[in-house]
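Beneath this line is the structure, given in structure tokens, with notes to follow.
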Amino acid sequence: MRQRRGVNETISSLLLSYIALALFRQLVEGPLRDPASLNKPSTPPLDDAYMLGTISDGFEVHWGLVAGVVACLLAYVLVRHSIKGFALAVVGGNVRTALMIGLPVDRLILLSCLLGGAAAGLAGMFEVTAVQGSANAALIAGYGTSGILVAFAARHHPLAIIVCAILLGGLEASGGLLQRRLGLPDATTLILEGLLFTNLLLWEALGGRIAAWKIRLTASPASLDKGALQHG
């Protein structure tokens, strides 16, 4: 949709995710359902040979964390230190400029969408093979919207995404603890994430206006001096 219609990929991804979730439910509750899963529809469980363990004994973190860090490092090298990454940044910043300088916009947009989809699929694979053991309704946890929030908080910097993802993941994981220890509702983490997202949007809007005001203030004396010289 971004390639053919110019629709923002964030909006289209959020809207199309409802279709993907409906298809997922149909498959899990239909042809792929394990007959033994009566109360909780799911696919047949994976054998232990296909399950991914933790990084080390006593450290309850699986290899998905390592894969995520490596993916961010590779993205940093691609985006910041390669010609293809610079072209992707130009297309993401201004499509008209990219067309004017002759960049293959359609191919670059398709490449970025494929890379993003591959990253999402990799995350889903780790969730199934390292946490759930099967595909079930627990996979519908809103990780996509959390990823968008992480990207905004990190200002689309691959290395900053590592820190923001760990912090936001810790916030989401603490939801049950907040409910048990402090008696807060389970939606507390969602409220905090919403406040964070609102503040980020507000900061972006104010930052743009402040930058525009600074440009006007610095340009005004110069224009006045130029006008005075012309009249003189």
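Any Cβ shown, glycine's included, is placed from N, Cα and C.
Listed features, source TrEMBL:
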| type | residues | note |
| --- | --- | --- |
| TRANSMEM | 12-28 | transmembrane segment |
| TRANSMEM | 61-79 | transmembrane segment |
| TRANSMEM | 86-103 | transmembrane segment |
| TRANSMEM | 109-128 | transmembrane segment |
| TRANSMEM | 135-153 | transmembrane segment |
| TRANSMEM | 159-178 | transmembrane segment |
| TRANSMEM | 190-212 | transmembrane segment |
* **Paired segments the transmembrane segment (12-28) and the transmembrane segment (190-212) in contact, 3+ CB pairs under 8 A** => no
Margin query: Within this structure, do the transmembrane segment (190-212) and the transmembrane segment (61-79) have 3 or more Cβ pairs under 8 angstroms, counting pairs 6 or more apart in sequence?
Written below: no
Note: vs the transmembrane segment (86-103), the recorded stretch with the largest number of Cβ pairs under 8 Å from 109-128, 135-153, 190-212 is 109-128
Sequence-distant residues near the transmembrane segment (190-212) by C-beta distance (under 8 Å, 6 or more away from its ends) are 146, 149, 152-153, 168, 171-172
